[in-house]
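Only one structure is covered here, and it is reproduced in the block below.
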């Protein structure tokens with residue numbers, strides 16, 4: 001209603017003018033379930049078009065030429081943003097680190113995989129101050145090589161080249177990160193101001209899924225917890241935040257010390273003289289932020305944050321000086337020119353170079369979080385070993401850096417380029433390559449018949465297949481049916497996977513696998529991973545046929561079975577869902593979202609659209625996919641048949657819904673005239689009748705002519721989940 005009418009065109013301008021931007025639906029109804037995240041970063045916002053294959057483009061890239069240009073860039077200091085010590089290495093390492101460092105294990109989101117650092121809010125986080133300059137320095141190279149290298153890959157590659165140009169041998173590099181074209185609206189914290197810290201409860205318990213201590217930081221406050229310069233207390237924050245990025249103590253020490261072997265921090269003057277961040281800047285600033293009125297605003301006068309620290313005597317060369325200085329001096333608290341808390345070496349000579357004046361020397365300085373590596377007992381032990389064994393330090397940093405920058409890429413089949421390391425690493429969730437002939441159509445038909453004749457129900461087969469495949473997270477490409485890791489701890493014991501039923505299904509499928517493979521004479525085999533999925537597909541086909549719909553569920557063999565020694569059980573714990581609306585499950589662990597929010601979150605991790613989510617859930621309900629075999633949301637008199645009954649009966653106006661008087665989060669649907677109990681459902685079920693957008697989708701599937709379309713749409717969504725981790729299919 002704030003929009004003005006354009007008299008000439010006789011319509012309303014979609015942009016707000018005058019008194020405000022106008023109210024959005026979310027302003028009127030802030031508690032309304034937001035399903036828009038299911039449609040972000042769609043092909044409609046991608047300028048490359050549907051036929052663009054980035055992985056193929058990258059493989060045609062002259063990688064040596066790019067690397068040569070990046071090496072030249074490192075020492076080509078620009079007047080508009082001069083390089084510290086005549087070398088951009090430290091700046092570029094920080095850019096790559098901060099691109100990758102947003103990754104968090106809890107939900108797999110963040111990380112370097114999509115080039116999100118160029119979008120809000122990351123491009124304007126306080127911890128990313130002046131990284132806009134690093135990206136602008138890279139623009140001529142990105143412009144030169146065009147679509148053959150993404151921003152996401154270029155950030156990481158630049159970090160690697162920066163390290164190599166300063167004398168460090170990296171572990172390797174993989175390309176293949178395709179750019180996205182709009183910001184990811186992730187939950188970065190509840191705070192409404194930069195550096196707020198309302199994310200803690202109890203004894204400094206950090207809320208899930210967050211991976212940083214304050215809003216706008218990558219990890220921790222370098223001055224200490226909330227600015228308290230206590231290295232031991234800071235170590236607790238470091239350990240927690242780095243663990244949430246999948247790093248153990250050794251990797252953490254190696255990363256901090258390795259990164260701080262290079263470059264400097266920038267606190268040359270009063271931080272209040274820094275201008276707005278990129279997203280808050282003036283139009284004429286063209287996306288550059290943090291314009292400073294202190295001195296020249298750059299070079300020796302640059303202000304990025306508070307501390308003004310240079311860690312080593314050779315900030316553009318790989319060395320062991322970080323540990324030599326850390327243990328070689330005693331440290332006293334000091335303040336930077338910007339007023340930030342930092343530490344200086346007691347009784348030391350000034351042997352640290354100035355970044356711009358070769359005639360000046362500085363005292364050795366450290367951050368509070370650097371001293372944590374000496375004063376935390378566990379970190380101290382590792383740090384002393386690295387001090388005494390520089391080769392171990394170099395190897396640990398190389399491996400940790402590779403893990404940091406590749407953790408969210410998923411399995412090695414997604415890696416591209418000639419610099420990919422040959423070694424398989426446990427955090428890559430390796431799966432053996434296919435080493436046998438795959439089953440053909442006749443074999444598949446025979447195996448389906450064998451599975452359906454095994455005594456396993458439609459519900460059991462569907463539940464096992466969905467449990468195996470639905471661990472997939474599109475965020476970091478982990479999980480999924482390939483590998484059949486559902487037969488290992490911890491997945492086989494998760495409550496959501498119904499361990500007793502699962503064990504029965506796996507036992508019968510393993511027997512079928514053994515019998516089939518033992519009968520072959522031509523080297524043909526079927527994996528258990530394939531059989532689990534095939535069992536679900538066969539059950540869906542049977543359920544559709546029993547409902548009067550003949551439909552074939554696509555199945556592509558080629559999954560392999562991972563070995564237990566290839567599986568880091570602890571790392572898979574984060575894949576266990578607290579809640580899963582598709583299976584009408586709410587776990588015993590603390591919930592951070594409502595059940596319906598958890599459903600949308602799970603759908604987004606599975607890379608589903610709202611229509612796909614709707615069809616999939618409606619089908620799973622009637623097929624008996626609920627955990628514990630509950631009847632909540634099973635709105636049908638024909639269970640284990642693939643009907644559209646869930647939608648028909650949910651939208652039936654003969655039923656009136658009310659909260660259950662005996663069971664929390666359960667609702668009772670009673671006959672409006674007689675009061676007789678007809679159905680029970682959860683919040684997840686009823687949201688498809690309550691939420692206007694989801695109701696519109698439910699209506700499509702509740703119509704009298706909807707059964708064939710529903711069956712097709714369910715099968716399409718089912719197949720998408722079953723194949724979510726089949727990157728080998730995409731590669732072919």
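Note that Cβ sites are derived from N, Cα and C of the backbone, with glycine treated the same way.
Remember, it's a predicted structure, so these values are computed and weren't measured experimentally.
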As Swiss-Prot has it, region 'Disordered' corresponds, among 1-24, 25-48, to residues 1-24
Cα-Cα, residue 98 (active site, proton acceptor) versus residue 260 (heme b binding site), nearest Å, comes out at 14
Across the recorded positions (94, 98, 260), the Cβ with the fewest other Cβ atoms inside 10 Å is that of 98
In three-state DSSP terms, residue 94 (site 'Transition state stabilizer') is classed as helix
